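Accompanying notes for the structure given below.
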Amino acid sequence: MKLLLTNIKELLQIREQDTKKIAGGAMKELPSLKNAWLLLEDNTIKDFGTMDSLADISAEKTIDCTGKMVLPTWCDSHTHIVYAGNREQEFVDRINGLSYQEIAEKGGGILNSAKKLQETHEEDLYKQSAQRLEQVMRMGTGAIEIKSGYGLTTEAELKMLRVAKKLGDNFPVTVKTTFLGAHAVPAEFKGDKDGYLNHIITNMLPKVAQENLADYIDIFCEKGYFSVEDTHKLLQAGNSYGLMPKIHVNQFNAIGGVKAGVVHDALSVDHLEVLTNADISVLQNSDTMPVALPSCSYFLSIPYTPGRELIDAGLPLALATDYNPGSTPSGNMNFVVATACIKMKLTPEEAINAATLNGAYAMGLSDTHGSITKGKNASVMVTKEIPSYAYLPYDFGNNNIETVIINGKTIE
Ligand SMILES: N=CN[C@@H](CCC(=O)O)C(=O)O
Ligand SMILES: [Zn+2]
């Protein structure tokens with residue numbers, strides 16, 4: 001099936017196939033074509049050009065994009081969208097003065113979600129998670145990473161990963177899965193973190209690998225959760241199963257997680273709200289993508305990742321939602337892009353690069369996603385009539401995405 005988009009006011013993020021990520025000063029550029037056309041054939045970007053070069057193409061469907069922009073769908077490289085129930089009571093507790101850490105210390109937080117998830121049947125978990133996936137697809141997310149980490153028992157971790165895989169099988173969106181058994185120490189192992197880590201390595205990890213349920217491995221490297229030493233141990237074990245790391249580091253404290261990730265060739269290091277100069281130097285000598293999660297900073301009122309500093313240091317940056325019930329109950333990449341501009345001082349070009357091609361890189365998808373490139377997946381979105389692409393982050397909180405096409409399928 002051929003789908004032709006014509007009279008596109010501006011076709012954004014046009015890249016060559018060999019551009020896998022964008023760093024430093026190059027992030028200020030967003031290559032585009034004005035007054036353009038784009039041809040999608042089945043689930044592939046077939047061709048594009050300016051309207052004066054449009055030959056006679058017979059397409060089954062044509063969309064007139066007069067006044068509208070077209071860009072690749074968002075690549076959300078960090079989410080926890082498979083979860084059960086919600087945690088709005090903790091939200092109220094925080095308004096009333098408790099901190100995120102205090103809530104966790106009282107057995108709330110991740111353990112609260114783990115209890116709910118363990119008690120939820122797989123089909124119900126699938127249904128709750130599918131609703132969230134449909135919601136983010138409508139807002140323009142065409143590729144997404146989904147973590148486990150609210151199971152914390154072998155059975156419940158496998159259940160989460162099976163649900164995440166099934167979402168990828170049943171929806172047009174491309175899904176990558178990450179095993180995050182080391183998200184918190186469960187109640188059954190209270191006071192025995194080492195015992196739990198060993199349990200992850202000897203019991204959970206082999207099963208996750210055997211059932212081929214995960215693409216990546218993750219750990220929450222943070223004071224009160226898992227140490228740098230734990231991180232080395234787990235990532236080494238993950239490596240023996242071929243699982244590349246994508247890890248939670250520097251959310252509240254800089255304890256050396258960035259270096260641990262880089263040493264193990266992490267694909268990405270995520271959060272980075274608290275960052276040292278040493279962390280920046282380590283990243284400068286690596287292929288690891290730093291990932292910022294501004295909606296988490298917004299929701300928890302914690303510092304924003306110093307994205308401006310990272311880019312000015314010549315580094316790449318990706319943006320993701322962190323969609324989860326505790327720290328970020330939102331999967332809206334449009335809000336992420338706007339918040340990165342407003343609070344982290346990224347330019348619209350930088351934010352769009354970070355939320356598309358660099359996001360694709362941060363989940364191993366830059367060969368197929370994140371840019372308008374012949375041969376890549378037909379995952380693009382059409383905006384409403386807007387004056388310029390800077391209007392997208394400027395008009396924050398409003399939906400300017402009119403049509404979303406994921407893998408060649410229009411999302412209703
Ligand atoms: N910080 C660790 N994990 C999640 C939040 C977990 C939760 O509060 O449920 C995050 O990335 O923010
Ligand atoms: Zn997270």
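Positions of Cβ are set from backbone N, Cα and C atoms, glycine also.
Quick look at what TrEMBL annotates:
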DOMAIN    69-410  domain 'Amidohydrolase-related'
BINDING   His78, His80, His248, Asp322  Zn(2+) binding site
BINDING   His78, His80, His248, Asp322  Fe(3+) binding site
BINDING   Arg87, Tyr150, His183, Gln251, Ser327  4-imidazolone-5-propanoate binding site
BINDING   Tyr150, Asn324, Gly326  N-formimidoyl-L-glutamate binding site
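Positions of the features from TrEMBL, shown on the structure.
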residue	record	Cβ contacts under 8 Å, 6 or more apart
His78	Zn(2+) binding site	Glu145, Lys147, Lys246, Ser268, Asp270, Val291, Leu293, Ala320, Thr321, Asp322, Ala362
His80	Zn(2+) binding site	Ile146, Lys147, Gly149, Tyr150, Leu180, Asp322, Tyr323, Asn324, Pro325
His183	4-imidazolone-5-propanoate binding site	Ile110, Lys147, Ser148, Gly149, Tyr150, Leu152, Asp218, Ile219, Phe220, Tyr225
His248	Zn(2+) binding site	Leu180, Asp218, Ile219, Phe220, Cys221, Glu222, Gly257, Asp270, His271
Gln251	4-imidazolone-5-propanoate binding site	Phe220, Glu222, His271, Glu273, Val274, Cys296, Ile302
Gly326	N-formimidoyl-L-glutamate binding site	Arg87, Glu90, Tyr100, Gly109, Ile110, Asn112, Ser113
Ser327	4-imidazolone-5-propanoate binding site	Tyr100, Cys296, Phe299, Leu300
Report the binding-site residues (Arg87, Tyr150, His183, Gln251, Asp322, Ser327) that meet this criterion: Cβ distance to the nearest atom of ligand 2 under 6 Å. Use sequence order and write none if nothing qualifies.
Asp322
Ten-angstrom check, please: count other Cβ atoms within 10 Å of the Cβ of Asp322 (Zn(2+) binding site), all chains counted.
28
Quick one: which of the binding-site residues (His78, Tyr150, His248) have their CB closer than 6 Å to ligand 1?
His248
In three-state DSSP terms, the structure that Asn324 (N-formimidoyl-L-glutamate binding site) belongs to
strand
When you average the Cβ positions of Tyr150, Asn324, Gly326 for the N-formimidoyl-L-glutamate site, which other residues in that chain have a Cβ within 8 Å of that mean position?
His80, Tyr83, Arg87, Ile110, Ser113, Gly149, Pro325, Ser327
When each of the binding-site residues Arg87, Tyr150, Asn324 is scored by other CB atoms within 10 A, the minimum falls on Arg87
Residues Arg87, Tyr150, His183, Gln251, Ser327 binding 4-imidazolone-5-propanoate per the record - widest CA separation, whole Å:
20
